[in-house]
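Undergrad: The transmembrane segment annotation in TrEMBL covers B:26-48, B:98-118, B:130-150, B:162-185, B:206-227, B:269-291. If you look up TrEMBL, you'll see B:94-286 marked as domain 'ABC transmembrane type-1'.
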Ligand SMILES: Nc1ncnc2c1ncn2[C@@H]1O[C@H](COP(=O)(O)OP(=O)(O)OP(=O)(O)O)[C@@H](O)[C@H]1O
Ligand SMILES: [Mg+2]
């Protein structure tokens, strides 16, 4: 049973079309992440689900009920804002009680809901403070608390962690994940941080310029990005893309990259995506590169490349190496002990079983 | 000396040697004192004259040191001086001014808050135009509005009534109060209103529970502006009221314009100062907030 279903949704401000043909659904208890670059329409979509923005065309259903023209208060949703939007003149307790008061929830019930949520989020000592007397992390918690007391059908988050510093962000991310486990509410979570999306979501919706690019499980999005945009947006460092031409190697399918600099085999038996000689785009993630002596027996479809080391970027747990391949630069992931030195020429294998091929004209995955 | 440097405020003059600093400071204070004296001189003279005997003023003129001091002019101004046909001093007119200025201030401020709230947070098609037209009133000279008001008051049967003056001042003030409040409210984050809407609050509940509690700075500014403006208004009072319906400002003219009788300069002086007290008091207590409210965005 889906809690939220969105059908052919469109939004335009005058002549400006901000969202196009959005189709989404969230099953009971699911955690959906909406990701995309700034200005792609994530907040607008969330605002439409909340009822804060009007619908130009299409349908939004919550628990099967068409809510296009239902007021925000009657949609049974709760929302956490990027700015937290805590009422500055009210204490934490009053902030949490405000929504229940508006709905005429009896006092005793309000009090017990606040106590329950305050305990859950460990904000009991803060209940009598004003928002201005809280740290960023505490405000964040209170904002979530205000959403939680209402016990709504649907949770909406608009970049709730983007105002926190890096360390706190990671902590709160884990906490949100735990919280979701515990309360198991259907959640729509907007972020432009793909790590947040990958770690939290059961499914990710990637948006670009108002169009939904792909809606799938995190692993699927990562391994089989539907198009070049998704491939570049998800993953850090992003996927390397190389222009290539369909060819054959030892009778099997293959691609030739960089004007014949190298021919890389494709898994045997894969149907040729295009006729030999046709151009394609080859997508390789940094971790698809393998140092020769680390090749595993099950990695049978290996291509071989020679490249010059341009930049070496150790991060501690792994080292990113920028390699020059003819006129192109690619980023490969190395174990710190295997990392080469700048200026060296190295030989590196490519695990072609994981490679993605894209159509250069449509930019779609082949 | 060493202690003093520990807590030194920012001092724009502290850029040269010690001697130069002293000299420039002396110059600044001398200039300020001069200007202050110049500005306070008329008030000082009026104040002095309010304590003088009439024959003394007649003999030596306004600009002289009093021979004797007396409270008689003040007593007369407050209780017994004959003005516009009544001999009760300025009290009835004072009361008129209060009855006019207080409701007009409250009503125009209340409507300004409401207008500002709507024009900043519940925008509708054309709301920018409405705002533009309302603020146009800020630039209209009051003289231009006299004829229309005469027409309106006449038709509404409010000529020469306190209610008429309240109506005029409320409407004339709306341009300012709306401008002030709207410009203050646009700084309130939109998300706050969205959060409240999701929380189930409607138009009035958001106004009462979210917007009004954030408004004291702008309410103070608006009230001071309106009250001083209305209290000190002379034009509308003189044009649209007469006799015992006049506010204090226009009644003072009657006090000075008694062409047939001897002019009581000392009583006039006392009455003038009495008339100036309410706005002065308001400014004294609220001035700090006034300056602050005019300059700051106020909502964090
Ligand atoms: N009221 C409006 N009138 C006109 N255009 C608007 C309006 N609100 C948003 N837009 C446009 O709609 C597009 C999507 O905006 P939206 O706020 O949804 O982006 P976003 O994905 O949330 O971006 P960010 O990550 O920066 O928050 C933007 O191009 C924006 O300029
Ligand atoms: Mg946004």
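First residue shown is number 1, and so on along the chain.
Yeah, the Cβs are placed from backbone N, Cα and C, and that goes for glycine too.
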Undergrad: Please figure out which one of B:26-48, B:98-118, B:162-185, B:269-291 racks up the most CB pairs under 8 Å against the transmembrane segment (B:130-150).
TA: B:162-185
Undergrad: Can you work out whether the transmembrane segment (B:269-291) touches the transmembrane segment (B:162-185), with the criterion being 3+ CB pairs under 8 Å where the paired residues are 6 or more apart along the chain?
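TA: Since fewer than 3 Cβ pairs under 8 Å link them, the transmembrane segment (B:269-291) and the transmembrane segment (B:162-185) do not come into contact.
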Undergrad: Take the transmembrane segment (B:206-227) and find every residue of the same chain, 6 or more past its ends, with a Cβ under 8 Å from one of its Cβ atoms.
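TA: That would be 101-102, 104-105, 108-109, 112-114, 116-117, 121, 169, 173, 176-177, 180-181, 184-185, 188, 192-193, 196-197, 278-279, 282-283, 286-287, 289-290, 292-294, 296, 298-299.
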Undergrad: Other than its close neighbours in sequence, what residues sit by the transmembrane segment (B:26-48), given a CB gap under 8 Å and a spacing of at least six beyond its ends?
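TA: Those are 13, 62-63, 65-66, 269, 272-273, in sequence order.
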